[in-house]
Amino acid sequence: MSRKKIIAGNWKMNMTPTEAVELVNTLKPLVANDDVDVVFCVPAIDIIPAMEAAKGSNINIGAENMYYEDKGAYTGEISPAMLKDAGVKYVVIGHSERREYFAETDETVNKKALKAFEYGMTPIICCGESLTQREQGITIDWIRQQIKIAFLNIPAENAAKAVIAYEPIWAIGTGKVATTEQAQEVCQSIRSCIAEIYDEATAQAIRIQYGGSVSAGSAPELFAQPDIDGGLVGGASLKPEFGDIVNYKK
Ligand code: PEP
């Protein structure tokens with residue numbers, strides 16, 4: 001099955017609303033490529049201005065996080081209804097920085113993924129191992145466990161539409177990209193895990209990204225792997241280099 005690549009930027013806690021508009025305007029012509037789904041996941045306060053700036057382009061504006069309750073006394077959180085009303089279609093769930101600094105767990109990732117689907121949004125569900133886990137040889141078991149919990153109670157028709165981002169923690173923001181073999185091995189095992197939970201059709205439909213120091217140099221080989229359907233890109237998504245990553249084939 002041929003899956004459309006999805007290349008998403010994760011801006012993290014960078015860019016004021018003014019800077020966000022400038023960056024969207026700079027990148028707009030550089031990321032024009034209809035063969036790929038292009039998503040800019042931006043800070044909540046940047047969503048509306050970035051969306052305005054992206055109008056008429058191929059850029060989808062996504063969110064970096066959301067809460068799993070519909071509404072209420074959760075000071076400082078962003079609800080799924082707020083994102084939906086703003087026109088957001090993609091939301092990053094369970095980034096390793098959220099897990100490390102904001103106590104997110106596989107269970108909260110599952111609750112958020114369920115909510116994203118309830119509101120008709122596509123979760124970009126992050127998973128990944130630490131350097132210690134890789135050195136202990138438990139990467140595949142760890143990732144399979146993360147995936148099994150993340151997808152609890154998610155029906156196959158929704159799972160098929162999900163995006164999974166495999167991001168080894170030791171490769172995020174370190175300039176230390178995983179080898180294509182390492183990235184492909186884990187992405188393939190994620191696809192097999194989805195086939196075990198659901199079926200082969202769901203496994204073949206789901207899109208799996210690699211993330212971790214992706215650059216214009218590493219993107220072509222990574223994205224040519226059979227089980228890697230694009231990337232989640234941090235640092236390089238804030239630069240014109242993101243245009244080269246999106247146009248990795250040209
Ligand atoms: C990320 O933020 O998900 C990420 C992969 O960052 P970087 O590309 O900077 O490693």
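Glycine is no exception: its Cβ is also placed from the backbone N, Cα and C atoms.
On its own chain, Ser213 (substrate binding site) has Ala171, Ile172, Gly173, Thr174, Gly175, Lys176, Val177, Gly234, Gly235 as residues at least 6 apart in sequence with a Cβ closer than 8 Å to its own Cβ. Secondary structure at Ser213 (substrate binding site), taken from DSSP and collapsed to helix, strand or coil, is coil. Look at TrEMBL and you will find Asn10, Trp11, Lys12, Gly173, Ser213, Gly234, Gly235 tagged as substrate binding site.
Among the features that TrEMBL reports, active site, electrophile is placed at His95. His95 (active site, electrophile): 27 other CB atoms within 10 A of its CB, across all protein chains.
DSSP gives Glu167 (active site, proton acceptor) a coil state; it is part of no helix or strand. The number of other CB atoms found within 10 A of the CB of Glu167 (active site, proton acceptor), across every protein chain shown, is 29. The active site, proton acceptor annotation in TrEMBL covers Glu167.
Secondary structure at Trp11 (substrate binding site), taken from DSSP and collapsed to helix, strand or coil, is coil. Using a 10 Å Cβ-Cβ cutoff, Trp11 (substrate binding site) registers 22 neighbours. In this structure the residues listed as binding substrate are Asn10, Trp11, Lys12, Gly173, Ser213, Gly234, Gly235; their two most distant Cα atoms lie 14 Å apart. Cβ crowding, taken as the number of other Cβ atoms within 10 Å, peaks at Asn10 among the binding-site residues Asn10, Gly173, Gly234, Gly235. Geometry remark: Lys12 (substrate binding site) versus His95 (active site, electrophile), CA distance 10 Å.
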